[in-house]
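Structure first, commentary second.
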Amino acid sequence: MAEYSKEEIKKIEQKWQEKWEKEGAYKVSDTSDKPKYYVLDMFPYPSGAGLHVGHPLGYIASDIVSRYKRSKGFNVLHPMGFDAFGLPAEQYAIQTGQHPAVTTAKNIETYKRQLRQIGFSYDWSREVQTCEPAYYKWTQWIFMQLFNAWYNKKAIVNGQLIIDGKTENISTLIAELEKNGNASINAVCDDETPSITAEEWKNFNEREKEEFLQHYRIAYQSETMVNWCAALGTVLSNDEVKDGVSERGGYPVERIKMLQWSMRITAYADRLLKGLDTIDWPEPVKEMQRNWIGKSLGCQFKFEISNLKSQIEVFTTRIDTVFGVTFLVLAPEHELVKQITTEAQQTAVENYVEVAKNRSERERMSEVKRVSGAFTGAYAVNPFNGEQIPIWISDYVLAGYGTGAVMAVPGHDERDHRFAKHFNLPIRQVVEGPSVEEEAFVSWDAKIVNSDFMNGLTVDEAIAAGIKKVEALKIGKGKVNFRLRDAIFGRQRYWGEPFPVYYKDGLPKLVEEKDLPITLPEIDEYKPTESGEPPLARAKDWNYKGFTHELTTMPGWAGSSWYWFRYMDPKNDSAFAAKEKTSYWKDVDLYMGGSEHATGHLLYSRFWCKALKDLGYVEAEEPFKKLINQGHIQGISKFVYRVNFALMDNPSKENPITPELYVSRGIAQRIHNKTITLTEATEIYNKYIEELNKLNPSRKLSVIFNDIEDLNAIENHVDIQYVDGETLDIEGFKNWREYYKDAQFILEDGKYICGSEVEKMSKSKYNVVNPDDIVSNYGADTLRLYEMFLGPLELSKPWNMQGIDGVYKFLRRFWNLFHDKNGNFTISEEAATREELKVLHKTIKKVAHDIENFSFNTSVSEFMICSNELSSIKCNKRSILEPLCIVLAPYAPHITAELWEKMGHADSILDATFPIHNEEYLTESSHEYPISINGKVRGKMNFALDMPKEDIEKIVLASETVQKWSEGKTPKKIIVVQGKIVNVVL
RNA sequence: GCCUUGGUGGUGGAAUUGGUAGACACGCAGGACUUAAAAUCCUGUGGCUAGUAAUAGUCGUGCGGGUUCAAGUCCCGCCCGAGGUACCA
């Protein structure tokens, strides 16, 4: 007496989940006669909000593929684990004092409970967590290998030169330095690496040797730009910076240089580029990586500075336009700026640099229409024609790119043109084409003019000639430039892998391998120290044999750049994975995840994989053979608007507490588009000052407020649980966080109205929807089908629950095929009719095709059509329903397992062989042709599929439809596409 | 800004890749069952015009052009949304 009711679903799903777990039904063996198939989901970060409905989208799809491949006879590895280090847990720790390990463990438990109840076929015995010492021991070990490695572009293996070069142990570099110095070494190294002889190398002391080797190591230290927030005493991600101030607290942020660990990913740039042609990834992701790597052929050369001994080095891809250069532009951070600025220009330049350095790189790149800059007063000499050209600085030139200086050719570059127009600098045409007075003319396919020896040459010829000239003048050379920069590997944070590094006399040294892992020490608070040192500086008595440890930790991507290898051998204590395991599983056959990882995780993972391969630890050159992008399930984010003013005194000395004052959406909009009245702005200012003084009673504080321009409203995410429609639940909001407790609000019509936006669903945006309710109301099988039914896997779409009833009804109808009106299980042993077989085989064909093509939404529709058809012909025959169960099982494992058992099977449906469709049942003998006149369908006619075109033409031309529309005229043309359509042209 | 991607009924989406636009669902409307409601089942459902009606005509895949016997699909130019933009993962 079983109906597919809420209670029954719960019973069935629990029963099978427990049974499968008890039997170890998903345990995978590392040895098998079957072909291997490795299906991997992207590593989830276990956030405090738990799993949201966006996560399972990809997991369900990959689970369907895993189950399908298993029923097709593959040995399928399908693991799951957690990328457990990360910023959110740390921020939570700072706020609440709870140890991130504790909250992370709790979050992981929640995730696992949620994942289990959706019925995924994960082999949980292989679970890994990046924050476990047994795991990060090997992350540290890999770091050590990369520290002890360099990139030899002239590597020789078995007497053969390796064209792309190879990662080698640093010992081969040292051996060569001892023999010949670095004269004949061809390696990827820092630009400023000096040339030395063997003699000089031998005479280096320990410090000099290490400093020299740092130019070559794959993991090395260098100075890089970061967002420094003095008030918070830490470095911030671009994400945490809004409008030049910290998202939290609204404190000023400036760009400063800091010594940090980096990874020489640029050594692999060419291989990362070439490897893309060998892997089956979505073309857009490959394209994004190509653009990110950004290989360009150009020319790097020097301009002399008039009246000074220095030179400015520029990189350009358009040396052919060098006669059109009318000024140079340096990044405001460029090291020469101070030196070349004339006295008269000093104030202007200093002011400009001060403003520019507080703008994020992203802002500087995006606001191209806002032209700004300053003249240094200095002039450079164009080496091609001896002309004196002014040197400017502007923030559209970025310090980290190329040389941090560009030769400006306003005639043929849009940004240069805008700059020249704005500052009234000359514009010159050197490429033949339309006038460049009003608009830059950018072309790679034209002739060069007004350019001395280049006149009449094509762009390509002129580039070659230009490089030749530069090299002849000995001022530079042709150069391949990559946009890709070395990856910063250090973080000023607590919750990450500690480095296996200590300092002796200020020199970084690796710990001994036997001392791994270097575990994360306990500290009292998770904040940076008062003096701005990273949190690890708080650790008491934490040292390595009396020496100080490295105090920064590794970034989020460290643990996720090799985890797929660990799943192959997750418990190994003597290697990150045993050689025989990595050579059996090799690489990931199917990787499912979002395209947001295109230029981060996916690039870093490829990099580490190549390095590990070169060093002889793994066989795979590429980690992920096939990649499928799942779209994001988007959430509706809500926003509140925090009032912000710049403080008059320097907040870095001692942080004042700034008011939590929020204005409703309409007011924020008026602030933003500057339509707010001065009266209203003044009221807000008064309120702000009042609060500011209340919060800092012992100090006299004031803020800058001259007009409405000085008033800012910063958009902050608010958790959607505190928003009803668009109105904020003020009490809920105040209780959300400690520092919102006394938040003040300026309302509209008595309400606080929130802003709203569709964004990716993410804990950090506080817009997540949890799948638990759906599972408890409808069951896991319905959730699985519904998420697939939502639309194509790779498209992003906002979450909505409309329509879930449809798939639930389908499952009930499917269940009813096996049961009579009273809920008794009844199936017939009668032979199937041809009609029934056609329905079955059409479904088998469509579903198998859909899974192979990752088109899961269309299979769900097909299942519905099939079940509707079988219902309407009242088919309950075993010979139809049994194979159908196997076909549906990857999508809805619980219901099908139950029905499979009821049909009398003692064996598991998990290992049932996926049926193969028989084309014989599907062939049609005739086709109903749409008859169109001038492309518009006017009628339909049925013809045998093998009827010759000529016969169809005759019949159609004689038909009533054509007679009616042609009104006696003779048709000009008739097109017959066999099996498809007929079109008559009048 | 730049790179990538998407835009089809009231809603999610389908369309064998240039060949009948709107499959399958949701929602809505009407009906059956019921004292009633829920559940279930049946019927209808892109817009506009004409008709009591079956139906007929016409417009229609973000906007504007183009190629073609034929365009949601290909080409050119726009508009809008989303992801990434190097310390979120």
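Going from the start of the chain as shown, residues are counted 1 onward.
Cβ atoms here come from the backbone N, Cα and C positions, even for glycine.
Since we're looking at a predicted model, the values are computed, not measured.
As annotated in TrEMBL, motif ''KMSKS' region' covers the listed stretch A:760-764 rather than the other ranges in A:180-184, A:220-224, A:245-249, A:760-764. Using a Cβ-Cβ cut-off under 8 Å and counting only residues 6 or more beyond its ends in the same chain, the motif ''KMSKS' region' (A:760-764) has close neighbours at 47-49, 52-54, 88, 239, 596, 632-635, 717, 796, 799. Residues of the motif ''KMSKS' region' (A:760-764) grouped by DSSP class, helix first, strand second and coil last, total 2 helix, 1 strand, 2 coil. Across the domain 'Leucyl-tRNA synthetase editing' (A:290-469), the model assigns an average pLDDT of 89. Counting every protein chain shown, 17 other Cβ atoms lie within 10 Å of the Cβ of A:LYS763 (ATP binding site).
According to DSSP, the secondary structure content of the domain 'Aminoacyl-tRNA synthetase class Ia' (A:755-786) in residues is 17 helix, 6 strand, 9 coil.
Helix, strand and coil content of the domain 'Methionyl/Valyl/Leucyl/Isoleucyl-tRNA synthetase anticodon-binding' (A:837-950), in residues and according to DSSP, is 62 helix, 18 strand, 34 coil.
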